[in-house]
Every structure is written in C-alpha cells, then in structure tokens.
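Lifted from Swiss-Prot, the feature list:
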- 1-126: domain 'MGS-like' (DOMAIN)
- HIS12, LYS16, THR38, GLY39, THR40, THR41, SER59, GLY60, HIS92: substrate binding site (BINDING)
- ASP65: active site, proton donor/acceptor (ACT_SITE)
Amino acid sequence: MADRKCLALIAHDQKKNDLAAFAKAHEATLSGWKIVATGTTGGRVLDACPGLDVTRLKSGPLGGDQQIGALIATGDVDCLIFFVDPLTAMPHDVDVKALMRLAIVYDIPMALNRATAEQLIDFRRT
C-alpha cells in the first residue's frame, strides 16, 4: 500500500482532545491513510489510536506547522484537518495563516472544525 494518501492532522491546545476523539471515531477509515501531525497532536492521536501510521513532526510553535506546509508545497500532503481554537490568541498565528494559505494555493481539501472534518472524511471514504 505504498501509494496511500497522506493526511495532515493539527490541533490547537484546546482542541487536541477533540481531534483525538475524532481520530478514534474514524480509526478504521484513517488506517488507510499515512498521517503526518504536529508533535503533541500526533502524540494524542497515537494515544487514542496506537495502530495508526502517524509521523510526528515538531510542535506547531517550534516549526511543525511550517514542516506540514512544506509537505503541502511538495505535493506530499493530500488533505489537511486542523482543529482551530478561534477563542485563544496564538503567538504563532502567522505560521497558522501561512499553512492555511498553502493549503488554499495548492488546492488541497482542508477542514478547520469537526463538522467539516466529518464531511471530508465521509467524502474521502467513497
């Protein structure tokens, strides 16, 4: 299964548990994907779903968002799920905006909340 699609998972601190729960609810579907995630988010997903193929990159504020952006730019990420916390100020907000911009520029599907992620996963499953 060398040509599996790659999904990037990111969540702000207050949304990490929500993303881990989302991954658990869709574990069977996600098992067909190669997953890249920022460090702490990837750890939470692996705690919830130890059988998933998750590559943990750096923490978002330490460059993980930019690492995922680079993977989008090289065509190595096919889809982005990023659970954003709109109510908390982020010191690395410019990195987040740059990441979203790359997802738009390279026209990959992007979900920024659970409702959209649910639709995206259902669509990608078919």
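Placement of Cβ uses the backbone N, Cα and C atoms for every residue, glycine included.
Distribution of Swiss-Prot features across the structure.
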| residue | record | contacts (Cβ under 8 Å, 6+ apart) |
| --- | --- | --- |
| HIS12 | substrate binding site | GLY60, PHE83, VAL84, ASP85, THR88, MET90 |
| THR38 | substrate binding site | LEU9, ILE10, ARG56, LEU57, LYS58, SER59, GLY60, GLY64, ASP65, ILE68 |
| THR40 | substrate binding site | ASP13, LYS16, SER59, GLY60 |
| HIS92 | substrate binding site | GLY60, PRO61, ASP65 |
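Taken residue by residue with DSSP, HIS12 (substrate binding site) is part of neither helix nor strand, so it is coil. Highlighted in sequence order, ILE10, ALA11, ASP13, PRO61, GLY64, ASP65 have their Cβ within 8 Å of the centre of the Cβ atoms of HIS12, LYS16, THR38, GLY39, THR40, THR41, SER59, GLY60, HIS92, the residues recorded for substrate, and are not part of that set. With a 10 A radius on its CB, SER59 (substrate binding site) counts 16 other CB atoms from all the protein chains. Binding residues for substrate (HIS12, LYS16, THR38, GLY39, THR40, THR41, SER59, GLY60, HIS92) extend across at most 17 Å, taking the greatest CA-CA distance.
Model confidence over the domain 'MGS-like' (1-126) is summarised by a mean pLDDT of 93. Its Cβ placed at the centre, the residue listed as 'active site, proton donor/acceptor' has 27 other Cβ atoms within 10 Å.
The DSSP secondary structure for THR38 (substrate binding site) is coil. In the three-state DSSP classification, SER59 (substrate binding site) falls within coil. Note: the domain 'MGS-like' (1-126) comprises 65 helix, 20 strand, 41 coil (DSSP; helix = H, G, I, strand = E, B).
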